[in-house]
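These features come from TrEMBL:
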- 214, 218, 303: Cu cation binding site (BINDING)
- 94-107: compositional bias 'Low complexity' (COMPBIAS)
- 214-218: disulfide bond (DISULFID)
- 174-339: domain 'Thioredoxin' (DOMAIN)
- 94-128: region 'Disordered' (REGION)
- 133-152: transmembrane segment (TRANSMEM)
């Protein structure tokens, strides 16, 4: 009902501009105008009347396609706006004519079959459901990522196990050469008898360099050596000769060395000699030693803390540091003894 009064007002204004009286609009006609296409037909009749009054030729009958377009909702408003613009009316009238089509469009959307509204709602729903991320794709992403992580962790563990197996499976290859450790020497044992390296041929020998005035390290190492010797005999039924060589020849006489070695093991052999002889044997076995904190006759000797395992030919086999305890030292020596049988 709102479209007819607006169109009647616009047409009355157009006729008034041409000096014509406004057309009458009965109540019954207002109800007919609200029918689809009625506004277009009414507008065409008014325009024909206006043109006939002013002496202008009547408009040609439009083609079937144009007639069909004129009967579409809102066509009369567009046609009237074009006519007013052609007649030189202000743009306000054209804007009012175009605004009159908006309620008709809304009415048609509400009173029609609802296809337009449903289409818009469907498009909106489709855009939401068809977005770049959905719950299904997000779930697939999580499953895929979790699978990749589990697979990578499994492969990493398998690779580590392979490396461990390869390391443990590596066989002991015969060495190309032996370390330049050891050599001839001429010393005195704790009984005062001359001893050379040849006196130890045919026996496995474990050598340790120290001094009798050592406060703690040397006693600990010699005690560990004595325990390892007994464990080797008990476990492998093999004999290893323990030997102590002093690096303090100035104070470690034959008697001093004898009393010292007897405190640790009955089979422990103590060796001493002159300063030059001790320097020579220490150099042959790559042993470091030096006097420290000298105050008269009371001093300490800083030296290497290493045990040397020598084969029956008095050739170097392996050395053992302070980090070995009695059990690991015995097991390590037994392994070397069995490996060289």
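Note: Cβ is positioned from N, Cα and C throughout, glycine not excepted.
Remember, TrEMBL labels are computer predictions, not curated facts.
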Query: CB neighbours of residue 303 (Cu cation binding site) within 10 A?
result: 21
- line: Mean per-residue pLDDT in the domain 'Thioredoxin' (174-339) works out to 92
Message: At a 10 Å cut-off from the C-beta of residue 218 (Cu cation binding site), count the other C-beta atoms across all protein chains.
response: 23
Query: Beyond 214, 218, 303, what residues of that chain have CB atoms within 8 A of the centre of the Cu cation site's CB atoms?
result: 209, 210, 211, 217, 221, 247, 301, 305
